[in-house]
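What follows is a short report on a single structure.
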Amino acid sequence: MLEDNQTVISEFLLLGLPIPPEHQHLFYALFLAMYLTTIMGNLIIIILILLDSHLHTPMYLFLSNLSFSDLCFSSVTMPKLLQSMQSQDPSIPYAGCLTQMYFFLFFGDLESFLLAAMAYDRYVAICFPLHYTNIMSPKQCVSLVVLSWVLTTSHALLHTLLLTRLSFCENKVIPHFFCDLSALLKLACSDIHINELVVLIIGGLVVVLPFLLIIGSYAQIVSSILKVPSTRGIHKVFSTCGSHLSVVSLFFGTIIGLYLCPSANNSTVKETVMAMMYTVVTPMLNPFIYSLRNRDMKGALKRVFQKKSLFRL
């Protein structure tokens, strides 16, 4: 039997973004443009890596998976947000909400593991160039990717199964633009201590360990480069590392701030803006930061267009 303040929830209502009605169309166009940019940028990377044999290297294996993850991560939340803004229908079925939460956790976790794998790959390439092919062998790289997928599947499934055992109160309004785990826990009438413990311990490991590995890898890279004085080399490394670390900091910083070290002063608006940073902005920036501006990708793009021109002749 359910207690008086509990009810069987068939759907939730997503409050969405705190945007004044007169600005809805402007923000709809902005978010649509950002989403399409994310889709196009990541699709271009995936297609180029598939078509160009020069890019069949460990770094680009990780990068193609990261692009797929970014594409899917953004697609978990953005279509529903755009549909709600267009139709003014904030409802989402209970099963749909749990499905969205599962894939949100899955692709968010996958992103953090892949960013760590890419940082480790760069660390080995720069600090141990003579041993790179042995350390980052094809088998080793595939194992890292498979391990990332397995760990993220297990973590997302654990949270989803723990959430299904909870009962919810009559209030079914989620003050967010997607089915966020922490927002759902606040609506529960059941005891959520186990859920919170898993978020803190398992979630902390999934987020903090990759972040520390990334920071450690780039610190070693910088240290290694500084030992061999070269103005051009130092400038190039700091330029690359700086842009990579800025995106990494944006992604991990907002996640750690929201889920692992939440502030009592955080307003709903502030939390929503922070969530937009890692769900929308980071997946859009990653293609430009990690690949579309580098020499290999530009060369691959040129070769693909040359092949296309030859086929036409």
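Glycine too: its Cβ is placed from the backbone N, Cα and C atoms.
Residues 237-260 are the range that TrEMBL records as transmembrane segment, among 165-188, 237-260. For the transmembrane segment (197-216), the most Cβ-contacting stretch among 26-51, 101-120, 141-162, 272-292 is 101-120 (pairs under 8 Å). For the transmembrane segment (272-292), the residues of the chain that approach it from at least six positions outside its boundaries are 17-18, 31, 34-35, 37-38, 41-42, 44-45, 63, 66-67, 70-71, 73-74, 77-78, 104, 108, 111, 118, 175-178, 180, 243-244, 246-247, 250-251, 254-255, 257-258, judged by C-beta separation under 8 angstroms. Same-chain residues lying 6 or more positions outside the transmembrane segment (26-51) and placing a CB less than 8 Å from one of its CB atoms are 17, 19, 60, 63-64, 67-68, 70-71, 74-75, 78-79, 81-82, 85-86, 280-281, 283-284, 286-288, 291-292, 297, 300-301, 304.
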